[in-house]
Amino acid sequence: MKDTFVEKVDDFVKQHDVLKEHSTIVVGVSGGPDSLALLYYLLEKRAAKQFEIVVAHVDHMFRGDESHEDLQFVQDLCKGLGVICETIRINVSQYQQQYGMNAQVAARECRYAFLERIMKKYDARYVALGHHGDDQVETILMRLVRGSTPKGYAGIAVKRPFHNGYLIRPLLGVTKEEIVDYCNKLKIIPRIDPSNKKEVYTRNRLRKYVLPHLKEENPQVHEKFQKFSMQMQEDEAYLQELAFEKMNKVITKKSDKQISLSIPAFESMSMPLQRRGIQLILNYLYEYKIPSSLSSIHIDKVIEFFKRTQPSGSLDFPGDLKIVRAYEECSFGFKQEIVSPFLQDLSVPGTITLSNGDKLVTEVSEDIPSDMNETVFVAKYNDISYPLRIRSRENGDRMSIQGMNGTKKIKAIFIEAKVPREKREEWPVVCDASGNVIWLPLLKRSAFAISKETAKKDKYMIIHYKSKESSGRIMK
């Protein structure tokens, strides 16, 4: 007769395509009943499935000698079982203080970094963790109570990408009670973490006071929550694809540290896609290392920020992320140091690279470019005094405007073009050797410029503005 626990896990693993044969699996083992049940299950399948098993254990050093004894327990167990064991002691409290995060997040980051390292070392395809069905119920309830993103409400994923393989949770189809029964049957005596009973933690209170009532209503409640989780994940994957597609049409500029979007185009999207669109931007900029202090409230703040009647403003997010609105455009980017005034000579022909990576390239030609757009400036060579100088703006700057009488303040040009204030200090101002402002790239040409219509055969000085920024596609 088949063991009920093993049979249920087998069915779950097969249903969700969790494991492939001939694989190396790193098993996270704390010494508690959940991870030990997972280890013994995989060992039972090792010969038939041709698995290679590596155990990984992290001592977070939260409980002094007691947590060190957990490490020794796992080492001794693996020695007796003939299983490779990799362990590490990490002062998580120190890491927590250094990076300003709560203890649970700090422990998770340290643990996952170690698991990734062991995965690389053994070229493993999977990292297996012992989360079970009751954990799934508690997680979903906790996120509903605290608030989360739609992806968060889906709970714990059965299988997700991790390093060059997958992080898997084969025990999500069984309950804690079934795990304890399996351990008792095999006469496994696990280590017990006393913090799992402390009611200071929300999860422990839900486990003690809420979960028993749910199980009274339906003993298989974990299966219902798991089904809910899978449906949420499937729906979320579809909506994420839609949001990704829409956002690539909304984004106007993108670099490694900054993304800009059109607010009217963004607001034309449905609200579910708006929320996911903001999440995509945050994932990209934070490189999927979202600060623990960031929550769904912040996404709602961005959406409310767009609805304000004021044409400009800013929001400060964790990790020095700043969101700046300027009229109908909004930029998400990390705070930069104050831009110092700059001055550079530009030879003709020649090239200079600006602080933002963009370039100004000059040439001399008897022919003018076929495309005379805002990235090109053309003047008669002999009308300009050399060398050209590229500098930051100065108080009182004015320039003559092509096709207009008199001069105009550069400040007024920036305001009319709705250039954000923080961008104005780094905007290049092109002057001749006499100090005349001859071009404000992308914005205005001076009276020194010639148009395509008035151009005749002559010797011309041409300046090209070349941006390094890619178009606005968000990397997946």
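Cβ coordinates are placed from backbone N, Cα and C, and glycine is handled just like the others.
Keep in mind that this is a model prediction, so the values were computed, not measured.
Copied over from Swiss-Prot, here are the features:
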- S30, G31, G32, P33, D34, S35: ATP binding site (BINDING)
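Projection of Swiss-Prot feature records onto the structure.
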residue : record           : Cβ within 10 Å
S30     : ATP binding site : 23
G31     : ATP binding site : 20
G32     : ATP binding site : 17
P33     : ATP binding site : 22
D34     : ATP binding site : 23
S35     : ATP binding site : 24
Shell list (ATP; ref centroid = CB of S30, G31, G32, P33, D34, S35; cutoff 8 A): V29, L36, A37, G130, P190, R191, D193
Three-state secondary structure of D34 (ATP binding site) from DSSP? helix
